[in-house]
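Before any comments, here is the structure.
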Amino acid sequence: CLESILRLILIQSKLVTPSKTFDQSENGKPQSTHSCSVCGKDFPYASKLQRHLRTHSGERPFPCSMCEKRFPEKGLLMIHERVHTGEKPFPCTFCEKRFASQGELRLHRRTHTGERPYHCSICLKSFSRHWHLKTHLEAMHSEVVAGFSRKKFPCSECEKSCNSAAELRDHQRTHTGERPYQCSFCDKRFALSGTLVRHERLHTGITPYHCSDCGKTFAQQWTLTTHMRTHTGEKPYSCTQCDKSFIAPGELRRHTRIHTGEKPYTCTDCGSFTRASSLKNHFRLHTGERPYGCDICGRGFSRSQSLRLHKRKHEQQHIPKMNPAKSHP
């Protein structure tokens with residue numbers, strides 16, 4: 001039936017967790033499991049629960065001895081350390097490339113074999129990456145996926161329903177204003193532990209979300225999801241007034257202003273703009289600010305694009321760079 005097909009798809013994309021029976025005893029009943037008090041997930045071993053809890057707390061007990069990065073698991077630290085050592089112990093049997101982890105090798109081998117192990121059972125498309133399937137589901141079958149999710153915990157303050165008691169508790173803080181999670185680097189407080197973890201990455205510079213296609217890393221999962229669309233080619237946000245589509249809602253929002261004429265960013269002196277960045281650049285005409293400096297001649301510019309065009313002139317002239325240590329008469 002359709003429901004069972006959808007559940008298979010969602011399990012493949014990890015949008016829901018399948019019902020699992022861990023190590024069963026002789027009478028067929030599952031042995032005791034260890035449940036996460038934050039999200040309700042069950043684990044067969046306390047050690048696996050402990051590792052999972054770090055996804056909520058943000059704890060990273062394994063530091064790299066060669067840089068400031070820290071990791072929630074020892075295995076991730078070992079893979080990271082190969083960035084410093086250059087070690088690539090996993091060779092491809094089809095070509096001469098080598099990789100730092102088995103996961104990277106496994107993904108690479110699919111470029112040779114053509115394997116596409118992730119299947120959408122709604123439209124029968126196949127994908128070589130889990131992320132490609134997940135992005136496809138969210139973009140092309142979002143209504144079906146959303147309709148399948150079960151929400152059993154209603155909020156007494158509004159009409160919203162949640163999937164678990166923990167999710168309901170987090171949601172209720174939007175009504176109470178409670179912010180129990182404080183940043184250890186500044187005075188900001190947050191209602192959700194996950195929001196705190198993401199915020200603290202602004203201080204630490206940690207970028208834990210890794211693109212398996214090109215190696216880029218990101219501080220937040222949604223930025224990785226958006227980035228992955230540059231590889232899959234999917235553009236799920238379509239303009240209702242023309243044929244253009246976009247990889248992110250912000251891009252669609254900015255494009256729509258071409259049709260509507262909306263200019264929400266206003267200069268109090270002389271006009272309005274469709275983008276915040278355009279308004280920011282415009283303000284520099286009034287303030288005289290020139291934050292983009294040329295490292296060859298010292299000239300300043302209000303826009304990065306102007307600096308790039310200016311530096312091309314130096315490239316044509318082959319002028320040596322300024323030495324900031326030298327004083328000028």
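Note: Cβ is positioned from N, Cα and C throughout, glycine not excepted.
Record features, source TrEMBL:
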type	residues	note
DOMAIN	34-61	domain 'C2H2-type'
DOMAIN	62-89	domain 'C2H2-type'
DOMAIN	90-117	domain 'C2H2-type'
DOMAIN	118-142	domain 'C2H2-type'
DOMAIN	153-180	domain 'C2H2-type'
DOMAIN	181-208	domain 'C2H2-type'
DOMAIN	209-236	domain 'C2H2-type'
DOMAIN	237-264	domain 'C2H2-type'
DOMAIN	265-291	domain 'C2H2-type'
DOMAIN	292-319	domain 'C2H2-type'
REGION	307-329	region 'Disordered'
May I have the DSSP-based helix, strand and coil counts for the residues of the domain 'C2H2-type' (118-142)?
12 helix, 4 strand, 9 coil
Under the DSSP assignment, what numbers of helix, strand and coil residues are found in the domain 'C2H2-type' (181-208)?
12 helix, 4 strand, 12 coil
In the domain 'C2H2-type' (292-319), how many residues does DSSP put in helix, strand and coil?
14 helix, 4 strand, 10 coil
